[in-house]
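J.: Quick one: structure below, then a few questions.
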Amino acid sequence: MVFAPEHPRVREWVNGTEYEKDFNKLYKEVMHQDKFERSDIEIDKKGMFIGKYALNPINNEKIPIFIGNFVIYEYGAGAVMAVPAHDQRDFEFAKEFEIPIRIIIQPHDYELNSIKMTRAYESDGVLVNSDEFNGMENRSAINAITEKLAKNNIGNATINYKLRDWGISRQRYWGCPIPIIYCDACGMVPVPYEELPVYLPRDVSFTGEGNPLKTSETFINTTCPKCGKSAKRESDTMDTFVDSSWYFFSFCDPPSVESDIPYTQDIVNYWGNVDLYVGGIEHAILHLIYARFFTKVSRDLGLHKFDEPFQKLLTQGMINKVHPYCPNCNAFLMEADLKQMKCKKCGNTNLIQKSVKMSKSYGNTVDPGEIIDKYGADAARFFILFGASPSSGLEWSDDGVNFAYKFVRNFFHLLTTPIQNKGKKRTIRDELILYNLNKTIKLVTESITRIAIRDVINYIIQFVSDLAKYKEEGIMKKIYDECREKLLILFHPIVPHVTEEIWEIIGHNKFLSLISWPTYNSALLNSENEYRWNLLTNIIDDIKKIKLATKMNEIKK
């Protein structure tokens, strides 16, 4: 069992014992570590045995009590029942202090050996070394053991909430100044309400070293609000989340320095709350929680009426790329290890390539500047949006970007070259390409509403292919122009630069981004037109195949 060093019972247990001196030394060292740092799985495990034992309530077995830097007092009971064979932190701790490792869960398809294990086994399996619970699936055993503890009045199930004090760690010059003044006579004195907010100074020096605010004499040096003597202003700033947690209110009503309130209630109530928030999954445990707190506080202050900041959340997937991976350590190589191509932990050079999210620490990122220079920004946008649905992970592929580039290039050529075979009278081809245009508008509109962007691009790719066929076969210029213009509007959210340029080339002065979204004619979307469309498309394809076969025969002759 491992206790947090700051747990009050630990101090009671070691006082006046042979362990007190070593405990005090370790305690001071651990207290200098940040709680977030201590909870990092990569942290070096430090601890010590304190000469005490706990009693396992299930089998009455004595359990040695250690203290460890990776256990946080504020979480749960401030102590963990270590299971080294099945928790990586416990495993590393046990290895460091030569604690016997007892296997509790055996996999279904092979047998673990505690002496040969190099990592904890953290998957499901069957219980062993567990007395009456042997042979049970570990998930089922959790409930069975909990029920026994509750039946014997020695334990019960509970929920641990991982709430912590908000750490102010991402201080920047542009963060919110902390309104505190330090006076030698009066101590810490808050800035008077009428002098708020405290504004950041402009006369600062950004040297890359130290705190820029300390370089501003006009900011640092002030007078004490209580006694009027010379005093110093707090030079630290608050975390950037203090700003970013409510920025969306400013989008509704930009703040005014003359106002005592950050925004106007009526305006924010009209525009708020946010209809759709698009962000990475990592925001769900940081920014979105902060935003909810700030929103509820400002609601309680009467600044708006709604309870939640966002109506809907879309967490987009990560962009992944293959990267060297050590199967022995179940770990990816860090950027610093890529030159030697050797695992830093075990020295293994027999690495495999495995997909992982792009990360600067891994060194597997792609330079957007290089991609834009080679393929253009629109091709990059096209590939990212087409490569996977917004909520799924995207596997980066140079071939995929190249496909996107070629499609955008062909799209540009198709829509900027004049139609040669102009139909003079309206024919079935004109009617059917209009049918297909309206069907595409309907499908694209519905897909965008569902944020199914990949479907949007699929429908556009198909219509571009159909339009190219019918342009070659011959349709009226008026019909072609309608198809071309509405297609540009549909494709504009995906490739805005190319479509805007084509829009100008074909003779429009107004920005394409200002044109209304097209509507579809539902009267054209009937089963008869669908049948006729499929029939004519098949005929056109068959004629092309016959022409190609005839041409090949002539070449052979």
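Every residue gets a Cβ built from N, Cα and C, even glycine.
According to TrEMBL, the domain 'Leucyl-tRNA synthetase editing' annotation covers 1-149. Per TrEMBL, the feature domain 'Aminoacyl-tRNA synthetase class Ia' maps to 150-319, 356-395. Among the features that TrEMBL reports, domain 'Methionyl/Valyl/Leucyl/Isoleucyl-tRNA synthetase anticodon-binding' is placed at 430-554.
Walk me through the surroundings of each of these features.
T.: In the domain 'Leucyl-tRNA synthetase editing' (1-149), helix, strand and coil residues by DSSP number 50 helix, 25 strand, 74 coil.
Here the domain 'Aminoacyl-tRNA synthetase class Ia' (150-319) returns a mean pLDDT of 88 for the predicted model.
Beyond the domain 'Aminoacyl-tRNA synthetase class Ia' (356-395), the same-chain residues lying 6 or more positions past its ends with a Cβ under 8 Å from any Cβ of the stretch are 278, 314-323, 325, 332-335, 338, 401-405, 407-408, 451-454, 457-458, 494-498.
Secondary structure by DSSP for the domain 'Methionyl/Valyl/Leucyl/Isoleucyl-tRNA synthetase anticodon-binding' (430-554): 100 helix, 0 strand, 25 coil.
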